[in-house]
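Next up is a structure, given as structure tokens.
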Amino acid sequence: MSLAITPYTCKYPEKPLNYSDYDWKLKHIPHQTNLKGEIIFESCIIYTDPDLSNKTTECDFYIYDTTWYGTTIPSEKNWVCNQEINIANIFAYSKIGEAFGSIFFGWFGDVYGRRATYVLSLSLIVVDRLVSLMAGSSFMIFVVGCIISTLPSWSVPQTVSVISMEMSSSARRSFTTSLRYTAFSVGLAIMPFLYWWLRDWKTFVIVTTAPLLPCIMFSWNIPESARWLYVEGKSKECVKILNKIAVVNNSKLKPETEKELLSVKKQKSSSSFGPLALFTGARLAFNTILLLLLWVFVSICYSVLILSTGEKSDSNPFIQFSIQALAEIPSNFIGAWLCNNIGRRRSASASFFVIGTIWIIVALRQMTSIEWLRAWWISAALITIGRLTIAVSFFAINLLNMEIYPTCLRQSGLALGNVLSSVASALAPYILYLGRRVDPRLPGLILGTSCLLSVFISMFLPETLNAKLPETIEDAKVFGSKRTQFSKVSCEIQRTEDFS
């Protein structure tokens, strides 16, 4: 929302008393008439001397529509017209930062633990947002601040999700995931009203960053993942966490279970190889490639939906953004219900089919002259349904991603998915740029085709509904094949899963 490009035009001389605002603008700003007979003003050129000729020149100064936004980054820094590509580049560079950060923090989480990753990630976000605020007019300093602050942006929610999922029984994995996504959607729904109230992008960034400080202060109260401690051979710490869980649940860890846990030594882990270990074995590599393709397509669609909502000027962009974010809340529970009843794989396929159809309709709308089909509320309804549906896709893919990979590689697997997701999201502003500058049908056609292809891809993934999770790299190599047979270590963990 801070990077939203608000409507703008060249700054023209002050109006004399004998002219109306519209007529004075009509005299100084070049314009053309569209198919509906509406006058459309140029944004980047102005008549040099409208009384003598129609000669035009590029703008030196701009007037921005402040109906909804007081200031945004583009309006404050005049990143419009020839410099409008700066906005797309900032998104792209930030997503590249997310990609590198996902690789590092995914490896860091598997080697040094989930909790340490969470604390480090939050701290980096706070520090580097301050860098962006102090960048002034320097594009490079601003970009550096954006890149560094986006390095850990995926690892914060991902780490919390992994901890909660690794402490949940198989029957509750989808429910705990839906809670995290619901919290995310509530945050998105509240955020635009903060901007609407504050109206200034710098104040908005400060206010939305401040709540991270108490999260850092109290983050050490978050328990480390008992599964990660177990796999890493830290049996004493694992037992300590499980005893805390037992106290909270008015239960007690059985002596024989504690003895069994303490007797297990650290298994040979593949986490030291990082993402490369996800391609060891034909079946594991095949699952990884399919998941990565789905991450690419779902991330592009979601990013385009988010960005296009923030720039709407024909209605209140803040209310639209909030309503569409709220639409994601029921979709989280719809996603959980679908995943628990028809399976993760079919849920992903069905949701991709719906969102693909919506994108095709969006493209076809650009070819019609029927006024009500091009009304803003039709566009808002399609985007809202799209947000609801794409949230179901995200839910199913995220659940598959966490369940297909073993404990020793789970965070690395999520990190690699986030890498491709970030790289794919970097394409979103360029797709919108094509729609604004080349052909308005292109975004819908590109995204519709991608979603329909995802329907086909998702059917080849293994179903994980009520399946026992792989715990070792050897388990993951056969997960989804006909010869699935898990190792002894994973069976031992399974016996403690229902308790935890």
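One-based numbering along the chain as shown.
Yeah, the Cβs are placed from backbone N, Cα and C, and that goes for glycine too.
Sharing the feature lines straight out of TrEMBL:
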type: DOMAIN; residues: 46-466; note: domain 'Major facilitator superfamily (MFS) profile'
type: TRANSMEM; residues: 130-157; note: transmembrane segment
type: TRANSMEM; residues: 178-198; note: transmembrane segment
type: TRANSMEM; residues: 204-222; note: transmembrane segment
type: TRANSMEM; residues: 284-306; note: transmembrane segment
type: TRANSMEM; residues: 350-368; note: transmembrane segment
type: TRANSMEM; residues: 374-400; note: transmembrane segment
type: TRANSMEM; residues: 412-432; note: transmembrane segment
type: TRANSMEM; residues: 444-461; note: transmembrane segment
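Give me the lay of the land around each of these features.
Per-residue confidence over the domain 'Major facilitator superfamily (MFS) profile' (46-466) averages out at a pLDDT of 83.
Sequence-distant contacts of the transmembrane segment (204-222), counting only residues of its own chain at least 6 positions beyond either end whose CB sits under 8 Å from a CB of the stretch, comprise 1-2, 115, 118-119, 122-123, 125-126, 129, 132-133, 160, 163, 191, 194-195, 198.
Listed by sequence, the residues of this chain that lie at least six past the ends of the transmembrane segment (284-306) yet keep a Cβ under 8 A from its Cβ atoms are 278, 324, 348, 352, 355, 359, 383, 386-387, 390, 393-394, 397, 400-401, 404, 413, 416-418, 420-425, 427-428, 431-432, 443, 447, 450-451, 453-454, 457-458, 460-462, 473, 476-477, 479-480.
Long-range contacts of the transmembrane segment (350-368) within the same chain, counting only residues at least 6 positions beyond its ends with a Cβ under 8 Å from a Cβ of the stretch, are 297-298, 301, 335, 338, 342, 374, 378-379, 382, 385-386, 389-390, 392-393, 396, 440-445, 447-452, 454-455, 458.
Listed by sequence, the residues of this chain that lie at least six past the ends of the transmembrane segment (374-400) yet keep a Cβ under 8 A from its Cβ atoms are 161, 173-174, 177-178, 181, 185, 291, 294-295, 298, 301-302, 305, 308-309, 312, 314-315, 320, 323-325, 327-328, 330-332, 334-336, 338-339, 344-345, 347-348, 351-352, 354-355, 358-359, 361-362, 365, 368, 417, 454, 461, 464.
Non-local neighbours of the transmembrane segment (412-432) in the same chain are 87-88, 91-100, 102-103, 105-107, 109-110, 150, 154-155, 158, 162, 271, 274-275, 277-278, 288, 291-292, 295-300, 302-304, 307-308, 397, 401-402, 404-405, 442-443, 446-447; each lies 6+ residues outside the stretch with a CB under 8 Å from one of its CB atoms.
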